[in-house]
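Taken from TrEMBL as is:
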- THR98, SER99, PHE134, PRO135, THR136, ASP137, THR174, ASP203, HIS206, TYR228, TRP263, THR289: pyridoxal 5'-phosphate binding site (BINDING)
- LYS229: N6-(pyridoxal phosphate)lysine (MOD_RES)
Amino acid sequence: MSLTHRDEALALDAADPLAALRDQFDLPPGIYLDGNSLGQLPRRTAARVAQVVSQEWGVDLIQSWNKAGWIALPTQVGDKIARLIGAGPGQVLAADSTSINLYKVLAVALQLALSDELGSASERRRIVSERDNFPTDLYIAESLCRQLGFELVLADVDEIAGLLDERVAVLMLTQVNYRTGQLHDMAAVTAQAHAAGARVLWDLAHSAGAVPVDLLGSGADFAVGCGYKYLNGGPGSPAFLWLHPQHLRRLDDEAIWQPLSGWLGHAAPFAFTPDYRPAPGIARFICGTPSPLALAALDCGVDTVLAADALGGMAALRRKSLALSDLFIERVQARCAGQGLSLVTPSEQARRGSQVSLRRDEGGYAIVQALIARGVVGDYREPGILRFGFTPLMLRFVDVWDAVEQLGQVLDAGEWRDERFQRRAAVT
Ligand SMILES: *Cc1c(COP(=O)(O)O)cnc(C)c1O
């Protein structure tokens, strides 16, 4: 693909088989390239949440746990997410935040490793991860290491394979790096880790709804992921978690608990017994009372991605996502040549998620602010990284064309040097 005129981008949109998916969203003016941080608002969400508020809460009150099926939402929405990540029914739970889910699942992964040691000579006490992994993942892992006597070993992405040996219990990776947009080959990396006897926990925060994921097919062990990014579940949406069924079974066989053993993950919560007995299957990973408001919104968000099923599903979304990010890269190279921008994200499609990160040593934050003032929303991550997400559900090729034109104008005139673009807000 090599476009030289805006009309050609318009022609690509006219021929786009996924174009109709955009109608599922209530879109404000401007060009939003930050669906990788907070997905856009689906049209159905406001009415659905209003129904939960006014009827289910307002009128039916406590009865809604049964009558409106509130109590089943974590597993029902989990089953829908399962279809997007190559997991089976009854294997995914929508609950809590990604950080909390990581805590629960990683704790179980470490306990399984300790359990493996019984009667064997081996001692696996390491978690290996990327130094550039999202900080919450590293902080949660560090906390569990302190509690359970493990060691967190961090390395650059290229050094990870060399660290996989008989000391490693868990390899913990985010499939698409939040900063660089680099994509790991889940099947290949999982196989490498398994060959060394380690298990793999994948964070799918930037994968679910963005790239095709096949957890069962790639032999993955554990996964967590985020609801408010490409799943469009809304700010602070519940996240999700998954365990391979073979590990889930071992929890029963070996009486291993998830660490946040709250009452709603009990086998019989309404028996109100003083002793904990885990619910069968994935439901034991529920801790406390879920939010039906938030789950209703997440349900609507997941539906916007599942709507692509009739049009080729995640494979078709991936094709469009790559075409969009290819166009962005190509246009930046053409329109913004000589402006000090370098490409951080791998240009090779197989190593790229659904975002493109550019780096500029000077003014990165201010350039993003100047773009936002022009209606083009990306975000900024240290050090010097301008981050642009490409959500194929609603973005058009012409949006990409126009966004790069705006970026070019911000740079040409040095507009970003203006005082008002330098002030840092609490959230970047
Ligand atoms: C966005 C993101 C999170 C978010 O965690 P929260 O608990 O929702 O704040 C976690 N991990 C990764 C890799 C992310 O990209």
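Cβ coordinates are placed from backbone N, Cα and C, and glycine is handled just like the others.
Spatially close to THR136 (pyridoxal 5'-phosphate binding site) yet at least six residues away along the chain are THR98, SER99, LEU102, judged by Cβ distances under 8 angstroms. Secondary structure from DSSP puts LYS229 (N6-(pyridoxal phosphate)lysine) in coil. Ligand 1 lies under 6 Å from the Cβ of PHE134, THR174, out of the binding-site residues PHE134, THR174, TRP263. Counting only residues at least six positions away in the same chain, the Cβ atoms of THR174, TYR178, ASP203, ALA205 sit under 8 Å from the Cβ of PHE134 (pyridoxal 5'-phosphate binding site).
Working note on the recorded positions HIS206, LYS229: by count of other C-beta atoms within 10 Å of each C-beta, LYS229 ranks first. Put simply, the two farthest-apart Cα atoms among THR98, SER99, PHE134, PRO135, THR136, ASP137, THR174, ASP203, HIS206, TYR228, TRP263, THR289, the recorded binders of pyridoxal 5'-phosphate, are 31 Å from each other.
In three-state terms derived from DSSP, THR174 (pyridoxal 5'-phosphate binding site) belongs to an extended strand segment.
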